[in-house]
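According to Swiss-Prot:
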{"type": "SIGNAL", "residues": "1-22", "note": "signal peptide"}
{"type": "DISULFID", "residues": "Cys29-Cys56", "note": "disulfide bond"}
{"type": "DISULFID", "residues": "Cys42-Cys62", "note": "disulfide bond"}
{"type": "DISULFID", "residues": "Cys46-Cys64", "note": "disulfide bond"}
Amino acid sequence: MKFAVVSFLLVALLGLVAVGEAQLKNLACVTNEGPKWANTYCAAVCHMSGRGAGSCNAKDECVCSMT
């Protein structure tokens with residue numbers, strides 16, 4: 001029974017982290033600070049999530065690329 005509860009909590013926590021990361025990734029390129037700051041923030045989000053380098057595209061989306 002404890003295993004089931006711990007497993008459920010772990011899956012729920014991982015789900016929250018994934019949703020939070022997706023929201024950060026979507027908001028990374030929308031800023032009033034300018035494109036240089038947005039690209040730096042996007043690159044940091046991609047790097048911290050283990051997805052390599054990142055940059056903002058023309059649609060203001062943060063795109064991570066494994067290199």
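Positions of Cβ are set from backbone N, Cα and C atoms, glycine also.
Reported as a whole number, the C-alpha separation between Cys42 (disulfide bond) and Cys29 (disulfide bond) equals 7 Å. All protein chains considered, the CB of Cys42 (disulfide bond) has 26 other CB atoms within 10 Å. Taken residue by residue with DSSP, Cys29 (disulfide bond) is part of neither helix nor strand, so it is coil. Cβ-based crowding with a 10 Å cutoff singles out Cys62 as the top-ranked of the disulfide-bonded residues Cys56, Cys62. Only Cys62, from the disulfide-bonded residues Cys29, Cys56, Cys62, place their Cα within 10 Å of the Cα belonging to Cys46 (disulfide bond). Packing around Cys46 (disulfide bond) is summarised by its Cβ count: 22 other Cβ atoms lie within 10 angstroms of its Cβ, all protein chains included.
Taking only the Cα positions, the spacing between Cys56 (disulfide bond) and Cys62 (disulfide bond) is 5 angstrom. Comparing the disulfide-bonded residues Cys29, Cys64 by how many other C-beta atoms lie within 10 angstroms of each C-beta, the top residue is Cys29.
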